[in-house]
Structures are given as C-alpha cells and as structure tokens.
Amino acid sequence: MAKDKKKIAVIGAGSWGTALALVLADNGHQVNLWMRSKEQQAEINDRRTNHKYLPGITLPDNITGFHSLQKALEGADTSIIAVPTKAIRETMRNIIKIIGTPMTFVHVSKGIEPDSLKRISEMIEEEVPQELLKAVVVLSGPSHAEEVSLRHPTTVTVSSKDMAAAEKVQDLFMNQHFRVYTNPDLLGVEIGGALKNIIALAAGISDGLGYGDNAKAALITRGLAEISRLGTKMGANPLTFSGLAGIGDLIVTCTSVHSRNWKAGNMLGKGKNLDEVLESMGMVVEGVRTTKAAHQLAEKYETNMPITEALYNVLFNGVNPKEAVDQLMQRLKKNEMEDLVDILSEQMEQK
Ligand SMILES: NC(=O)C1=CN([C@@H]2O[C@H](COP(=O)(O)OP(=O)(O)OC[C@H]3O[C@@H](n4cnc5c(N)ncnc54)[C@H](OP(=O)(O)O)[C@@H]3O)[C@@H](O)[C@H]2O)C=CC1
Ligand SMILES: O=C(CO)COP(=O)(O)O
C-alpha cells in the first residue's frame, strides 16, 4: 500500500456498507468488510460478488470479507459503521470488546433511537469509552448504494464535533465520482438524514394511492418544512436543511425507485399491511422506527409535524392511508411560513 493508503474496516456488508467499501477500494485503501454470515464472506472472497445486496457488481481484490470482527478490525484505526440504527449499540459493544486503541468511527446510518431519542453519534458516544474514541463522524446525503456502486456522480456531506476528523474522512472517500463536502452542523446533518425517511415512506404511500406529482411535491416541500421546524428547535442550523442532508436526501429518497422507504410506502399505499411489507423487503426500512422516534420528538419539542403524525397513525394506529391524506388536506388554513419564522425569531431572541 502507498503511504497515504490505509487499512479501513467497514462493519456491515449490506448495500450501503458494500457500496462505500467500493469507494474506499477505488481510492486504493485496503478494505476489511465485516459481515455476520460465513456464506456471504465466502461469496465475497471467492466469487467477488454480494448478490443479495448489490447484484451485478464485481468487488475488487482490495476488499476482503471477514466473518471475524477481530480480524476485520486488526490494523485499522478507522471503522465505517454501516448497520441499521437498531443494531448500532450491539455492534459498538462488540467492537469495544476487541479494540485496545482509540478509533475514529464513521457512521453512515440514518435513524433515531425511539424512547431515548438519541442520534447515532450520541449512541456511539454512550457505548464507546473515551479512551477508545478518537472521533465520531457522520457521512450522509443523497446517495443510493446502487448508483454509488456504478460510479454515478454522487455528493454527500460529513460532519463531526471534531471537524479535523471530518476532513480526514472527506479525504478518504473523495474521488472523481464521489464528492464529499463538510458541514459543521452535526445535529442538523443527522436529523436531516434520519427524518427524510419518514417523508419518503409518505411519498411512496402517495404514489401507491395513485396520486401524482403535485402530491409528491407537496410532501417534499411540507416535509422539509416540518423537518426544519423540529431540527431548528433542537438546535440545528436551519440552512443545513437546504443542503445535501436536507432537501438533497429528501429529493433522492422520495423520487427514486431504489429507495427502500419509498418502496415500502408504495406497498402500503397499494393496500399491503406493515408486517407483509417489512417481510417482503429483505432490507432495512429505517423510516418505520424513525417515525416512532420523530413522533416522540415532536411531542418533546412541542413541534407541529402533521405528515409525521399522519404516517404514525397509518403505521401504528391502523388508520387507512387514504383517510390519513384526507385528514392532512382538511386541516385549518395557515400561513406557509408561520411556524419556522416563529422558531427563528425565538432563536434570535435567545442569542
Ligand atoms: N442502501 C443505501 O443506499 C443507503 C443506506 N443508508 C443507511 O445505511 C444503513 C444500512 O443500510 P443498508 O446497507 O441499506 O441496509 P441493508 O438492509 O442493505 O443491510 C443491512 C446490513 O446490516 C447487517 N445487520 C443487520 N442487523 C444487524 C445486527 N444486529 N448486527 C450486525 N449486523 C446487522 C445486515 O446483515 P445480514 O445480511 O446478516 O442481515 C446487513 O449487512 C441504514 O441506516 C440506511 O438508512 C444510507 C445511505 C444510503
Ligand atoms: O438514504 C438513502 C439515500 O440517500 C437510502 O434511502 P432508502 O433507505 O430509502 O433506500
């Protein structure tokens, strides 16, 4: 390996972990890709494919599959954590049993933990003792694994409390096809990435019900308004929501056939029930759990989030999707900007 090339562990060989392993491998790094399944490890090392998660893609020789977490982490000082939000704590607990020196953890997952209402960087900080924690960095933005693995132009953003660490991660991933920005607003980047999945589910439902582009544009725009309202109340920079982790990710997830959240919503709109939908997906649909968390956050921060509320009722209270849309449309008239203007004025007063 050349001097600036590193050994990097990617923990989780689903679609996103594998696509990011490819970006790092394209940049000349040695990638240790960890997975739970021995069969998947054999497939990756012997056939150079990951058929379940990224069909049709050939993996280069500088990606090695590992079933042993210990071996995957050996010699790496940076780990990319690419497991679903619900597996973050368990994964971090397993990692800290093994590593003896501090690591940088780059999380690429998009969710919020229900009940604790923690963001992923907060969960990682809670699980990893300080002496083993170099930095936590988030990588987020409009980026479907299927397109990244085809080297189609993609832009993402990285953020951290330690922006020097975020800049190092920017350098690790940045290449001709994968452009990485930085944004110091860690909270905003994580909230934008997590909450767009709720709106993507709603956009899928709308398409499944047979509604058109007007309805989808409304969901994206008013979805962004409620994400910005909550995020700003929580302390995010409102401008983050006009960036890659905000409107960027909303556009890609609400309009793409690749989106797992959109697909799940689409099936719900066509009349399938939640259990049937999740069973048939075979991949993580983060928006379902995040809807629960966002519903709790809306209560905690006394924020009006009508789309989240409507989706919560469809997912967990048996409300029919068509009825939920009717209720959204029949709400009292209001000024498009009023809530956000109030929140921003409150913020200015506090400063
Ligand atoms: N796919 C994408 O385009 C993008 C995804 N993301 C985010 O990345 C995260 C991962 O998503 P994605 O790769 O799509 O998900 P997938 O469903 O494709 O893969 C999930 C991966 O996590 C593993 N996993 C699941 N549960 C556990 C567990 N308890 N312990 C250890 N490993 C586990 C799975 O292993 P196994 O195969 O053994 O079940 C699999 O390797 C999500 O938060 C998603 O929102 C972000 C940007 C883009
Ligand atoms: O976050 C993503 C793209 O940026 C992936 O979204 P889905 O999980 O809906 O596929």
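These residue numbers are counts, starting from 1, taken along the chain as shown.
Using the three backbone atoms N, Cα and C, a Cβ is placed for every residue, glycine included.
Just so it is clear, the model here is predicted, and its values are computed rather than measured.
What TrEMBL says about this one:
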- LYS196: active site, proton acceptor (ACT_SITE)
- GLY12, ALA13, GLY14, SER15, TRP16, GLY17, ALA145, ARG260: NAD(+) binding site (BINDING)
- SER15, TRP16, ARG36, TYR53, LYS110, ALA145, ARG260, VAL284, GLU286: NADPH binding site (BINDING)
- LYS110, ARG260, ASN261: substrate binding site (BINDING)
- LYS110, GLY141, SER143, LYS196, ASP249, SER259, ARG260, ASN261: sn-glycerol 3-phosphate binding site (BINDING)
- 7-165: domain 'Glycerol-3-phosphate dehydrogenase NAD-dependent N-terminal' (DOMAIN)
- 185-325: domain 'Glycerol-3-phosphate dehydrogenase NAD-dependent C-terminal' (DOMAIN)
* For the binding-site residues listed here, SER15, SER143, SER259, ASN261, which shows the highest count of neighbouring CB atoms within 10 A? -> ASN261
* If you measure from the C-alpha of ALA13 (NAD(+) binding site), which of the binding-site residues ARG36, SER143, ASP249, SER259 fall inside 10 Å? -> ARG36
* Other CB atoms, at most 10 A from the CB of GLY17 (NAD(+) binding site) -> 26
* To do: Find the one among the binding-site residues GLY14, GLY17, GLY141, SER143, SER259 whose C-alpha lies closest to that of ARG36 (NADPH binding site).
  => GLY14
* Structure fact -> the domain 'Glycerol-3-phosphate dehydrogenase NAD-dependent C-terminal' (185-325) resolves under DSSP into 111 helix, 0 strand, 30 coil
* Asked: Using Cα coordinates, what distance in whole Å links SER259 (sn-glycerol 3-phosphate binding site) and LYS196 (active site, proton acceptor)?
  -> 11
* Structure fact -> Counting across all protein chains, other CB atoms within 10 angstroms of the CB of GLY14 (NAD(+) binding site) number 19
* Cβ under 6 Å from ligand 2: qualifying binding-site residues of ALA13, GLY14, GLY17, LYS110 -> LYS110
* Structure fact -> Students should find that the Cα atoms of ASN261 (substrate binding site) and GLU286 (NADPH binding site) sit apart, in Å rounded to an integer, by 7
* **Nearest-integer angstrom distance between the alpha carbons (Cα) of SER143 (sn-glycerol 3-phosphate binding site) and GLY17 (NAD(+) binding site)** => 12
* Got a sec? Which of LYS110, ALA145, SER259, ASN261, the binding-site residues, have CB under 6 Å of any ligand 1 atom? -> LYS110, ALA145
* Take every residue in the domain 'Glycerol-3-phosphate dehydrogenase NAD-dependent N-terminal' (7-165), average their pLDDT values, and give the whole-number result. => 98
* Mind telling me which of the binding-site residues ASP249, GLU286 has the densest Cβ neighbourhood, counting other Cβ atoms within 10 Å? => ASP249
* Asked: Among the binding-site residues ALA13, ALA145, which residue has the largest number of other Cβ atoms within 10 Å of its own Cβ?
  -> ALA13
* DSSP state at GLY17 (NAD(+) binding site), helix/strand/coil -> helix
